[in-house]
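Below is one structure, written out as structure tokens; comments come after it.
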Amino acid sequence: MGSRNSSSAGSGSLEPSEGLSRRGAGLRRSEEEEEEDEDVDLAQVLAYLLRRGQVRLVQGGGAANLQLIQALSDSEEEHDSAWDGRLGDRYNPPVDATPDTRELEYNEIKTRVELATGRLGLGRTAQEHSFPRMLHQRERGLCHRGSFSLGEQSRVMSHFLPNDLSFTDTYSQKAFCGIYSKDGQIFMSACQDQTIRLYDCRYGRFHKFKSIKARDVGWSVLDVAFTPDGNHFLYSSWSDYIHICSIYGEGDTHTALDLRPDERRFAVFSIAVSSDGREVLGGANDGCLYVFDREQNRRTLQIESHEDDVNAVAFADISSQILFSGGDDAICKVWDRRTMREDDPKPVGALAGHQDGITFIDSKGDARYLISNSKDQTIKLWDIRRFSSREGMEASRLAATQQNWDYRWQQVPKKAWKKLKLPGDSSLMTYRGHGVLHTLIRCRFSPAHSTGQQFIYSGCSTGKVVVYDLLSGHIVKKLTNHKACVRDVSWHPFEEKIVSSSWDGSLRLWQYRQAEYFQDDMTESDRNRVCSSGPAPVPCPSVAFSSPQ
């Protein structure tokens, strides 16, 4: 799975891309038209493949000796480049100083977030939102039942966002994936060294307790997921199989789920598991969605979903009936699992507005809202009650096909810095200020329990973790320490902790630390230490809120 094909450009023996039937949907013609316009079609095919990064022209020993090098995918290529993910350090993503919030003002998500963070009905003054004022109200017995509501607890926690590096684990190769389990007790990390590492996160710890060698890995593990019961995890790679492995027990029990693809070079870029653990959803480089039934132990669906790589899949909520997919055609599609058929692959709707391929999708978990990260250097917030028109879909497709740069090894063109809204863009909000280069960088909603999902956070090609306020669109926090792009980020479901996974070969845990002391809060030994060595950050006293069982 790790090879690339090369052929002489002058020999006329160029092999067509094996995924071209799906990638070049706009180039399909009848056999009669192909015979009449063969030369034109070949030129269009070559231009398309060069533009999308599927092939590259490489000069050999002489000026006339040109070779076509076939790359595996526009999204995750199966070899390491010289820049090693550090090109993005030279790119300073433009920050949107005045985000357009007009669509959000009249959408229900604004009310939902304000309710979840205890801000509904409050004014806009800083005093009304201040932490001291909330404590004063509680002391006076003005809070509901004498204590903070769940929304007020989330508002309190918003004052203690992670800001300090508390733990680092270093690997010999790039870290690709890193996620917390649903209960926050385990963190799973996947690295290019084909090793999956599991960390015990109970009782405030972050201790590695198991390392598992992944099987049938081409280039790297590309995505991971936990099963709902928390006893197994799944991973995908450049392989025909999605693997499932046990977490507990002495041995490692691996089971291969055969997707039986039509492509010879095949990769699953994104995976998701249904809430009952029965079905596994995958998005692949052949433009298809795959559904594998674990009870029947077979692939049950192969849906032609996108015109290019499917980079992202997600279930909309716990029912697992509605699902989302996003691809390099810049379109996010919404599917109903109950009506999905191979002979009639029609989504229930589409969301258009991105100008380049989608790298990741995260659902808010309410079967209505989702966010998508894109190579156009933006995150967009969507409401599935606002599907895009045909005009919007055509505008996004056209913008994506007109991109003439490759995000894997080229700098972002200046035209992509412009704040431009495509005709028919149905998104509620656009977030700018992070970089999406080199790889499929992830973005996610912050947890509901501790933050009321009032934030969106993303990895960044400049080695940062960027946290946005969902309603204002402004950046509220940047975590900076990595030396290469941050591909994955994961926020603990109940605690103010964020873990970043980077191509610099490190995993980093971020927590809140108080930067200033108040004399009344310090012991005599603390005062002596500060006077002798200067101020140093100390752990913030934990704000103890109960978590659901």
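Going from the start of the chain as shown, residues are counted 1 onward.
Yeah, the Cβs are placed from backbone N, Cα and C, and that goes for glycine too.
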* **Of 80-100, 374-394, 521-541, the range Swiss-Prot labels region 'Disordered'** => 80-100
* Asked: Given the repeat 'WD 5' (353-392), which of the listed stretches 263-302, 305-345, 435-480 has the most Cβ pairs that are under 8 Å apart from it?
  -> 305-345
* Per-region confidence, the repeat 'WD 4' (305-345) (mean pLDDT, whole number) -> 97
* Asked: Same chain, outside the repeat 'WD 3' (263-302) by at least 6, Cβ under 8 Å from its Cβ: which residues?
  -> 1, 18-19, 22-23, 72-73, 75-76, 218, 222-229, 234-240, 242, 244, 257, 308-315, 318-320, 323, 325-327, 335, 337, 340, 342, 360-361, 440
* Considering the repeat 'WD 1' (170-210), which listed stretch of 216-258, 305-345, 481-520 counts the most C-beta pairs under 8 Å -> 481-520
